[in-house]
Every structure is written in structure tokens, then in C-alpha cells.
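K.L.:
Just lifted these from TrEMBL, have a look:
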ACT_SITE  A:473  active site, proton donor
BINDING   A:346, A:347, A:585, A:586  substrate binding site
DOMAIN    A:8-257  domain 'Glycoside hydrolase family 65 N-terminal'
DOMAIN    A:312-671  domain 'Glycoside hydrolase family 65 central catalytic'
DOMAIN    A:683-742  domain 'Glycoside hydrolase family 65 C-terminal'
């Protein structure tokens, strides 16, 4: 199952499909809009985006306190090249007016393109066959191409547009969608050499240039051609002929933020160089790229096509969304929409990186290198927040500035520091690449660890962290959030470990780093002291870790009295109301138990799952995958599968109702995590990797590959766990807690799920 | 000492004096600006305001969550009539260019006007004598008048303006000042009957009309007159003559918010009727009004003129600022400036009402009637905040809407409910007016009390209130703030008491009220249960009530490392930084101990003072008076006097640096409280009144009057406490905790302050 298909023309489905059918390559993203457009009253977000390209808009406050961000970075919607209109004997083709049959759209995960085709009948009863194909090239990152193929016994006229007057989408009711803004000023439209259409624009505040060059190739040599719109915001190319036409529209986008080369040169260069290849030739290259990707990264589900589709969709969209250049990262909505304004969050390290570092470690490294690149911003933010040392990473950002304007559920999430450190540490555990730590990790880990020393303090002999917000944004500004304290402990523990390691292995680098950040050895002693005495709040009666000092003292939310339509709560209740109750937006303590399972007893982890699950709304898309993974760990197989189903279908079924604003990228990562960390029970720790697999009963099995400390492994779970060492030296690993040596193949019967368990019909 | 004087022309002092020399009557307020203006680079806030008159402006958020106020009420600056220019033989008179001697300005507390006079020397060396006098009438609330008297051997030309193009002041750096906005649209300028200049305008959003009529009376019958500017935003009247001129400018302001009568009719009517009286005749009426006020309200300080001046200034400005119509209240800056945008806060009930109800009970009642009038707004706000019953008063408002856009230090201050209830209860205790409770108090007290049932919950048998902010805005969104819990307990206790009282005394009214608000008797049982089991957090080691559950666990603020110029902290530190430490903006637990001293042991009150004082910055002007009062209670006489000095001189010496934005009205109330509740130790409780006076050593004494349950009392404190019953039946009262009967006069020697105490040189 390598594709997604639809034939819906429903006005509520189409904006969702714009997100689902997005084509992107981590640099350029184009939503799956219809070339010919929609009826006027349809909602459409006709979007083209470049990862990391941003403008600044003024942050708005009626009461602005010290240190609140003054400007917000925002990903602009770029000049649109999607629009192509078809006229058959003068009749405008539309799926919404005329008659048509066999309408279908398809997104191919293995070939990396989207197709839309239908037979159209004109009012006079004549038939036409029309097919659109489009792709965003993985090989040439600036390149987008649309091919339209028309057969019609009569006059075919095609109008193809470039539109330089664009703005971003807005929804006043939903705080998760950014506010309306026109971020781009159109600058110029030119026709070069009589065939290259060029539009340039500049961002209003950052004054970055962005340009797009378009070239059309028409199959019919004798077609009439007219290109118009020079010095106008909208340019147009018209092609007309009879009988048949295949028009290929090549577009190249570039910008000045990350390129020295003048934008105009670059896009002209690219369009000239790459428009000589046919659409099919580009497709062939695309296929090779994806073949390589899937070879390493596919997660196979045996015996369940629907799930297989969902899992591959997730992996494909991750690949499409993730920045691969070390200058950019992966936004909460990737390049599939404008929700969260193109900002990067902790989603990267906690939901996406753990997948990528197993199967695409080079991309994973680029994401971490990006974090290293914004250290100076994080340093500045730490000073704004009154910390004398260390860094404080922005809760949401593109270029590094803190862009969160509601600090209780933004800037206050200090755990982002621990999350980023965790990303570096896990990457190290997986690949044992101390050189990477020397070049990027150590500085980040030291600087994030130092901040905890400044944020926290000792009270009654315990190290406490007051006044932060954990992952659960339904309790803000709390004391001793378990997740935060645990992550801080891990962060500091590893700062100490790396310090000692570098002291032995590479004292010169250590000296360079500590000199640069002016860290002294007594700080390492402080970290030892603080991490060893970290306060991890625990309730002796419930035998669970408390989400924070006060969480369990609060009244329980009245779930019975809360009607379905009042979810997500944040859209229907004042934060003060929500904060007052035991109600959780997303996995918090339960997430900590996933990431740092050795910090708790097994029993307490299970108790916590049982307790917190009852008060969790999963109003965030970052929740169900974690609960699913932890249900697997606890042996709650039915639950695990239910959560997995919620995860894998979240965007495909638009269960959160806002997929039109973009895909929930963290949840896509969560889908892969659910299989590998959930069903297969994969863990990576200092002492090596471990597996504790089970298999859902309506699958015949599943399998995936992974890279571990220079080795390539293939894991298959059917009635057996089968681990094959494809490349590299033999290794020790744990399965169900027992040590094994893997030389070539290990085959171990499954435990855990009892097939005769009556309570489990999955 | 019945006046304030100055002869400063310093550019930093003048904006402060604009506030200090404001003239107002609780309805109309006009800042003390120079008629002839200032040099261009001088800061001036040329303000004219009407209490309760407001426009709406959009509240701005980059991330707006559910229930955040969408609009904010804002007091507009009104059309300006202050400007009068004088030309002597064509030379424009200014205190900043020409030569002058004997410049002096004076504000008369006993006569209710301001004067500004100087001798001016022209460049040709000729002398002129110039005197401005101005008043805002207490008798005719719409009326403002300026009289300018000029003697000059030469040509005198006076240009007098009305300006309809006005806007509000802005300071981007200071969140305590509102944002720039042009709130008024000029509508018309007309000359009626050839002499009445009229300008009308409308507020942009609320579409209220406001109008001003001006009439000039010139002493010189043969003066040349010219009036210009019909249909222009700025009107002008020019008078010229030789030798001498006294020009009186009468202005009448009215608006459509609280008046049915067309604005134009009303202002014309007033100006016609009252401009026939001379300035001196109006002054005579003003003097009578103030004579009566001071007779009841003066606080006399014997033997210290500077203090006497400060105390009388405070009382005079309170009188000038307070709304007296039941439709309006008293703004945080009164009518003296635009800080806090004309909003009413808890300041009313906690800092101002306790003074007024002693000496001006009718005005005090009007303030409470206003609170009753906005119950429906408070009901609506409670629903927005997710409460099924009760009311939630707005933290800041003019007409009743919640106007706080930063909820952690605004809407979250639920204690406002308890504060308002406290106001009604104290008023009842002072005047035993059950009829007032029936008409206004009961509904307010029941509805505020009910809210606590919904906000709080039982945990381990104790009633807890989570997730609120106490008076100290340096710790926001906390659990079990002692102040809040204590006020909630008192609120509910008295709801129960009044319920029982009305059941006996006026069951019909009780039935009406409970039916109206749909309250059932089981709610009274709930209130008994909740108030009896109210959790009041206490630290067994320090033996103090904890400000909130977590306050004492936090790290101590680094006061030594905080330079002077970093105060007030809120302007220099991110709220997250501030919240993390034990640092207090203003009296919180200490304030609760003042208002509800019977909820704690004497020793714990003293311990709390000792502890919290060390971590309090007094960054709010609402702090020093309370610490002073409680220092008196604790017998810390030197401290008490120091705090009093800070209080009494706060605006006069501009110690908070922002007096230019308006006077700190609560602190002015606090000045009077400091004498009566601090030095004299006055308390009013269910069982009656009590005094525990002492006298600062560099005073020879002090005295004041008060009204208590139909009686009039005169209190003098010298070497003795002397209480005289001026009117009414004999009564029981307590002095230094001992019971006395007052039939005519009581004379009791002072206790407490030991005059031979070496540590006390005050």
C-alpha cells in the first residue's frame, strides 16, 4: 500500500486534503490545491512555503510586561504557481460545474508525486480526458513541477498563472492558527528571454527577497502561446491548440535568507538547467531517491493494508517536512499548512528525532545542528529571563527568537531545554558519535544543564524547580513538574558524563568549549549535587509521581458534565477554569515515564498510567501516541492498539478537526514511534538497545530496519521476534529484559500478548 | 496648612504638578496644566476627564485564549479648554522665554481652587501682573472656570481656545500607562447666540456624545472681541484692550452616557445659568461646600505643618476624585491622570471606603451602590470563567466589563469578590444599616459568597482555593493564597449571618433576593461548611501564615544583587523570574492580618510582619500604608512612622516616579488610614469599635471625627486619648482592649509608645 487515494469533492474534505496531499521536500512545500480552483464559498488555503523563510510581525499585547517578545517570526505564504485553467472550446473546466466521471486523486509514497485525473464532459456532450501530475523534487530542492495532459477533440486552451499578491490565512476563533497578515510585498514581474516568467517579492520586516521562476513546456510545437503580465503582480501564460496537449510547468523558488547568490540568478539558473528534463525524467530521479529512503526507513505492517497505508503516509510526510540542511528544522505542521506559523517546537526532539535517528541518522544530525546554530538566541533569551548563565531555548521559533506571546503555555515550558539535550543524548546513545558531541552536543548540553542550576534551588536538601510549565498546558506555572525535574536531572547527569568523557578523550575540545561558555568545574559539582538530589514529587497514597506539587490536590474535572462539543477544552474554557482542575491536555508524567523509564519503579509507572489516563483529554495531538506506547509497556494491549489507531488515523480522518491547517507532524512521528517503541518495545540506553515486542492480533506481523552504532539491523515481529544483523559487528542486546548476543540472526518467540486472552480481541 | 505651593518650572516637575494641581469634583477632572503651554520638548499630559465616561478599544493579543476580554473600556481625554495665551503689546507671555518674578502656584484645600501668579517683564522692560485662578465646582458638577487677571500699561490681547482634536497619552515602555489611542471623534463646533462656543464629539466605539460649552466674560466692556472656528475642531476667542483685563472662562461638560437630556441642551443650559455668577461668587459657594466637608472629614495633625499638609492634600484629592452619584466609582488615578485608563480596582473597598465610611458615609454608600449596579456584568463574567453560580467582579473596569488583558495579574485576582463583600460588611458594622444591606448588600454578598463554593473544593476535609492570584502580583496563579482564603471565609461567614438576619428581620426581601438569584438554602449550609473548614495555610516552623502553599518553598530574591535602578521589578524582570522567588510587590498576608486580625494569633501576625517585610519591595503604592498600619499594631513605632512618611509623601515627592500619570489614589486613602487605623488603632468589628492609639513624638497630637451607628464622635490623641461624643446615644467601646462606656467624654492616657524608648527618635 504505497499510496493515498480520494475522489471526494466535499467542501469540508477538500481543505483537509490540501494538507494531506501536500508535496514537499523539507525545503519547499506546496499544498494540494486544485489547479483550477474551487467555487467561491469553499475554504481553501492555497499555500506555498519555504522552510525557515520568515518575516517578523509585531507581537500584540494590551498589557506588555518586561521580556515579552516584541516580534514574532512567521512563515509567509509565497507566490502561487498552482493555478492552471483549462478551456475546452471556450468552456471553463471545473469539477464543480460541469459533468465528469472517474475523478480520482492519488499521492504516491514510493514515487513522490501526486496525480489527479478525470474524464470531463462539456455542456455540448463532448468528452475530454484530463490528468494533472505534480511533484516537488527531492533532488533539486527548489523545484516544483506540474504536468497537465489533456485529450479533447476540439480547441484546448490552457491559462497558467503566477500570482505574486498573496497573504496568509486567518481564523479569528482559533488561537492555534496564526493571525491574518500580508507578509510579502510583491516587487517585480518579468519575462526573461521571452519564456522565463519571474516574480520577486520581499518580506515586509525582514526584507528578505524571495523569487520564483516559471517555465512552461508544451508538447505541441505549433500551439499558440501568449505570455502576459510583466510588471503586474499576476503573470499569465496561455497555450492553445487542438486535440491534445501536455503542458509542463516548472517552477523554481529561492530566497535570500540562506543564499549569498542573487535570487534572480539562482532561480533562472535552476529553471534553465532543470526544465530541459521531462516530467517523467524527473520522476525517475525522484523514484530513486525514495527507493533509497524506503529501503532504510520503511516500517512494514504485514496483513493490514489500511494500517500499512497510514504508517507509510506518516513516514513519507515526515520526509517531506523535515529540513535537511542544518539551517532549518521541522515545523509543527511541516510545510503542509500555516498552523503554528511555521514554528519549530519540542516536537522535533521528542516525537520526530527518535524515529529519524534510527533510520535517517544524517537528517537527525541536521536537526540537532540547527539547535546548535541558535545557541546565541537561546543565550540572549536566558538573559532576558534573568538567568546569569546557560541558555533558554525558545518554545517556538523559526530563526531562534522566542516567538511565544502567551508565556504561561510558552516561554514557561523550560522543559524544552531538557528535551533538546535529550535529543543529543539519545543520538549519542544510538550512534556513539563522540565527535558529534564535541562539535555540537557538548555546548548545548552544558549550556542547557547550567540553566537548571539557575532556575532551580535547594529546599530541605532537595533540588526544586519552581514556576515552570510542563508538557501539559492545562496546568501552567507549577512547581516541581515531574517531567521537567526528571528531564533536568537527565540533562545534568549527562552534562557531567560528557564532561568527564571529554576530559579523558578530548581535553582540548573541552577546554575550548568551557572557555567559550565560561563554565568552571565547580559548576559540574553543582550539577552532580543538583541531579543527585533532584526532587521528583511522589504521592505515597496513590503510589505515583505527582504531575506537580499541587496537581493531585486539585478538584477533578467534571468529565460527565462536559459535552463532546466542548473539546478541545482550550477552545471553550478560560485557562483559569482549566488550570483549577485535574485535567490534562496531553501525556506529561506518562511521557516522562516513556523517556526516562529508569527513574521510576515499574509499578509506579503503571499506576501513573492508570491514574493520569482517566484525567487526560488528549486535546493535543501529542498525546495518544505516548499513551499507546506506554499501554504497550504496561501490557494493556487493547488500549495500546486503540491509541495507535487514534494516532495513525488522526490526520487521515481529521479527528482533531483542524487538519486543514496542516498535518500534525509530531503525531506522524508518533505513528512510527508507536510501532517501534510501542509494539516492538524498542529502547536505547547507555548499556545498549532493548526490545520487548508484541504483535497486534489482526496483523500478521511488522518489521523495520534501524542503524545502531555503525550496524544495520532488520527487525521482524510475527509469531517470533526475528532480528537480523545486516551489517556490522555482533552486539549484545536485551529482549524482554534478557541479554542476547546477535551475530547474524536471533529468533525469539513472542511474550506478553497471550493470544488466548479473552479481554483482548484485536 | 490648607494649601500646596510651588514655584518650580523644572521640566521634570511640571508633569508631576499637573497631577498634583488637578482640580476635580468626582465627575469632571482637569489636570493642572499651564494655560499658556510649555516649550515643545516638555512632557505634558493636557487632560480633561469625566468619571465613568468611556470608549471601548480592542484588546490586543497575539494568542487569544477563550474568555479573554475582547474590548477594554478606556477613559478618553476630552476636548481641552485650558489654553489661554496672553500677548502684551504683541509679545507672547511665557514663563519659559521672557523674564518674570514672583512666580507661584497654589492649590487651596479649604477653598477649592488653584492660583498661579507672576510678574512678567516684556523685552522692552515693561511690567505686567498676571494671575490665573481656576476651579472645578463641587456644586455644579459640569462646571469648570478659569479667571485670568492682567494688569499692564499697554495693549493686552488674550486668545482663549477650545480644542476638539484630542487624544490620550501613551508610553510604550510602561505597562501601567495605557496605550495610545484617539478615542474621540470631533463632531461639531458652533457659536450660539454669538457668545456660547460649543464643541461636541463622539466616542469611536461606544458612540457616546460629549459636549463642552464655553462662555467668556470680560471685565472690560469696551474690549475688542472676536470669536472664530465654527465648524473647525479648534475654536478661538480673542479679547483685547489696554491697561487691565479680567477674563473669566466658563466651561460646562456633559455627556450622553448617564443623561437622557440632549447634551447640547444640557451644557447650554448650565453655561447660561451659571456664567452669570462671577468667579468669586462661585468660589464662595465652593468654600461653603468645603467647609462642610472639612468639618466632618478633617484629620488634624498638631505641631507638624508638613504632615498636616500631606494629610489634607490626601483628603482633598480623595474628595475630588470620588464619584458621588452611584453610577460611578473612584479610579486608581481618580480624575488626575490616565494611568490605568480610568479603571476602578479593589482600591475602592480596601483603601478608600474605610476612610469615607467614617467621615462621608453617604459617598461611601454611593460607591457600594455602584458595585451593586454592575452585578449583571459580574454575573456574565462568572459564566465566562466557567462558574455555574455567583458573580465574579471585574479586576478593572469602568462600566462593569472585565478589562484586564493579562489575566495572571488581573482576572485571576478573585479576591476582588471578597474585597467588595468586605466593603459592604464593614459599612454595615459601622452604620448598622440593615436596610442598605437589604437593598444592595445582600445580593452582592450572597453572589460573591456563592462563587467561592464554585471556585474552591474540599481536599482532605479542608476547603481549598486553587489557582488564583492574591494582592501580591509578584506571585501569580497560586494555590491557597492566605489573603484570598481568609477573605472568602469572611465573605461566606457574613453571607450566612445576613441570611439568618434577613430571615428574622425581613423574610420578604430575603425571598425576593434568593428568588432573583435562584439561591437555595442548602447553599447556606455549604457556606457554613466551607467557611468553617477554610484552609488557611500555616507554617509551623516560622509560625506564620504562608502567603500561599508554595511561597515559603521558593528561593529568596537576591536583594543585595539588585541595584536601585531595577525597581520596580516588574519593569526590569520577566514575570517568570519574579514569580520564582520569595519577593513581594505589596502587602498580602500582612494586609489580610490588618483586615481580619481575628483570624490569627497576635504572635503570628507579628511574625508574619517580620518575615514578609524582609521580602517586600513595596513596588506598589498600595503597600507602605498597610505595613505602616501593621507596624503600629506590632508596636514598631519607628517603622510605623517611616512607612507613614513614605505614604504621605509618595505623590508629593513623586517617589514612585510616575505621579505624572496621576495620583496614587489608594495611597491617599492609605494616608488617612495610617492615622486612623494605624496611629489611633481604630477597628470596627461586630462587637463595636476599638482604639489603641499612640502618637508620633514629633507631633504634639492629632485628631479626627467619625460617624458610628448614628453617633458623631471626635477623637483627639495627645498625651491622652480624648474621645468626645458629639451627637447620639452613649456607647460601649474598647480602648487598648479594655471596655469603656462613652457618655460624653473619655480621657485615657496613652499606652504603647514609651517616650523613653531609646530606639525611637521620632
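Numbering starts at 1 and runs along the chain as it is shown here.
Positions of Cβ are set from backbone N, Cα and C atoms, glycine also.
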K.L.:
Judged by the number of other CB atoms within 10 angstroms, which among A:347, A:473 is the least packed of the recorded positions?
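P.N.:
Sparsest of the recorded positions A:347, A:473 by Cβ contacts within 10 Å: A:473.
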K.L.:
What's the CA to CA span in angstrom from residue A:347 (substrate binding site) over to the residue listed as 'active site, proton donor'?
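P.N.:
Cα-Cα distance, residue A:347 (substrate binding site) to the residue listed as 'active site, proton donor': 14 Å.
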K.L.:
Measuring CB to CB from residue A:585 (substrate binding site), give everything in the same chain under 8 Å that is also at least six residues away in sequence.
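P.N.:
Non-local contacts for residue A:585 (substrate binding site): A:472, A:473, A:474, A:568, A:569, A:570, A:616, A:617, A:618, A:619, A:620, A:623.
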K.L.:
Around the substrate site formed by A:346, A:347, A:585, A:586, which additional residues qualify by having Cβ within 8 Å of the site's Cβ center?
P.N.:
A:345, A:350, A:471, A:473, A:620, A:622, A:623, A:666
K.L.:
Look up residue A:347 (substrate binding site) in the DSSP assignment and reduce it to helix, strand or coil.
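P.N.:
Where residue A:347 (substrate binding site) sits, the three-state DSSP reduction gives helix.
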K.L.:
For the domain 'Glycoside hydrolase family 65 C-terminal' (A:683-742), give the DSSP counts of helix residues, strand residues and coil residues.
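P.N.:
Residue counts in helix, strand and coil order: 0 helix, 40 strand, 20 coil.
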K.L.:
When you look at A:346, A:347, A:585, A:586, which the record names as binding substrate, what is the longest CA to CA distance in angstrom?
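P.N.:
Looking at A:346, A:347, A:585, A:586 as a set, their Cα atoms extend up to 16 Å apart.
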K.L.:
Over all shown protein chains, what is the count of other CB atoms within 10 A of the CB belonging to residue A:346 (substrate binding site)?
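P.N.:
The Cβ of residue A:346 (substrate binding site) has 23 Cβ neighbours within 10 Å.
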K.L.:
Given a separation of at least six residues and a C-beta threshold under 8 Å, show me what packs close to residue A:586 (substrate binding site) in the same chain.
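P.N.:
For residue A:586 (substrate binding site), the qualifying residues are A:471, A:472, A:473, A:616, A:618, A:619, A:620, A:622, A:623, A:626.
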K.L.:
If you average per-residue pLDDT over the domain 'Glycoside hydrolase family 65 N-terminal' (A:8-257), what number do you get?
P.N.:
95
